[in-house]
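Feature annotations, reproduced from TrEMBL:
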SIGNAL    A:1-21  signal peptide
DOMAIN    A:46-247  domain 'Cytochrome c'
BINDING   A:74, A:77, A:78, A:112  heme c 1 binding site
BINDING   A:175, A:178, A:179, A:220  heme c 2 binding site
BINDING   A:216  substrate binding site
ACT_SITE  A:220  active site, cysteine persulfide intermediate
């Protein structure tokens, strides 16, 4: 199967040898939703059929639960998330002045836990961290993505763009080779999307659970036979930042459903 | 962990109503292995029951071929106001319940 | 059944360890048509299974075999004298042939059940309905499952 996939990727390259990396104009940007079949769309559209909503409900409970030695809940500082968190996820990753670098929503939640709740950090991809970030990001559903506006983010955006354009792995493929140049084609039976991260954390039918954008990026990296960066690595944050800024204007969908 | 229940809040007597349930569960098949070769033991929901004012109106036996976070949709006839109760039972003593009210006019 | 390499290895392994003729209980990696047949007979016994009345809706393009939406419906008036008692769904090539058993009654109003299933491969799915007169009706559908690109290693 592995060799078969490699052949599929090789065919893709052979079919489009002359294509140059080109960025997608803003009016041609499309959510991964538009690449899905009607049944998967229906699963996302109906909140009582969308399994991602199970995590949002768990996150809602965690939001109100006191934790850490400070005995504080998220709600004790931020109040009703429906108001206070609306639009927040749409501008993440955001620049953190104290750290002088961008942080993801997951990292922001853990910074809050460390600084304000005196609680231990939640591990990446743990159910509680996914539930909290899904609950927070869900408050931005329908809000246009604005990430990357802060001028302090400029060098990090440039780093993320470089990583997106840079070939890597044994298949020697860059993100752009598939997601800018060949979206709407198919790879091993599955449509290639534009890689617009509009619905994270999202419920992937393959995973049968909710997962972060970092998890998705890491599986792409395994797909091209590259060594994936660790969760929370500056490179992954920079890539996430570039991807979110590249999706600017598209509405948030959290929790999205994808195949 | 959460469950999502969709029962119409109101119905006319005799209406056929759809009930949808979604519950959090990993549904580990018992056929998968870890990277070091150990078999991951089966951990699934094996049974689901829906009762309408105490009377069973729908029941299901589930197997490892049911996807994680089991979704079930089925129908019943609205007879009287009251409550639907849902129960999921599974491996390792797993049990969870939920309920939803209905007003029948 | 032809001896596969995996079975061969477990047989020799058994010999080495036990030093005598081994009693090997093996579970095939896939359910077999024989297992499918046995699973069906466990439900219907010796009764005749007729084709018809049952409809199986699975999207023609399965986007991921790990979560496949499925709806089974049965043409039935669902009256006190003529209703569907149960619906049983089976598969041919998952490691285990059963998918689900669903128990209905005259008060169900409509004989229709939806869930989400796992299909390990392109294969036949069989749905069988038991009516109130204890007749059995079936439908069998071949479902094509495509492999997704860039999937994760199991973790």
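Keep in mind that glycine also has a Cβ here, set from the backbone N, Cα and C atoms.
Source: prediction; values computed, not measured.
The Cβ of residue A:74 (heme c 1 binding site) lies under 8 Å from the Cβ of A:62, A:63, A:64, A:81, A:112, A:132, each of these being in the same chain and 6 or more residues away along the sequence. Each of the binding-site residues A:78, A:179, A:216 was scored by how many other Cβ atoms lie within 10 Å of its Cβ, and the smallest score goes to A:78. Binding of heme c 1 is attributed in the record to A:74, A:77, A:78, A:112, and the widest Cα separation among these residues amounts to 11 Å. The Cα of residue A:77 (heme c 1 binding site) lies closest to that of A:220, out of the binding-site residues A:178, A:179, A:220. Within 10 Å of the Cβ of residue A:77 (heme c 1 binding site) there are 11 other Cβ atoms, across all protein chains. Within 10 Å of the C-beta of residue A:175 (heme c 2 binding site) there are 23 other C-beta atoms, taking all protein chains into account.
When the binding-site residues A:175, A:178, A:179, A:216, A:220 are compared by Cα distance to residue A:78 (heme c 1 binding site), the shortest distance belongs to A:216. A separation of roughly 12 Å, to the nearest angstrom, links the Cα atoms of residue A:175 (heme c 2 binding site) and residue A:216 (substrate binding site). Listed binding-site residues A:77, A:178, A:179 compared with chain C at a CB cut-off under 8 A give none as close ones. Among the binding-site residues A:112, A:178, A:220, the residue whose Cβ has the fewest other Cβ atoms within 10 Å is A:112.
DSSP assigns residue A:175 (heme c 2 binding site) to a helix in the three-state reduction. Taking the mean position of the Cβ atoms of A:175, A:178, A:179, A:220 as the heme c 2 site, the remaining residues of that chain whose Cβ falls within 8 Å of it are A:164, A:173, A:174, A:176, A:177, A:192, A:195.
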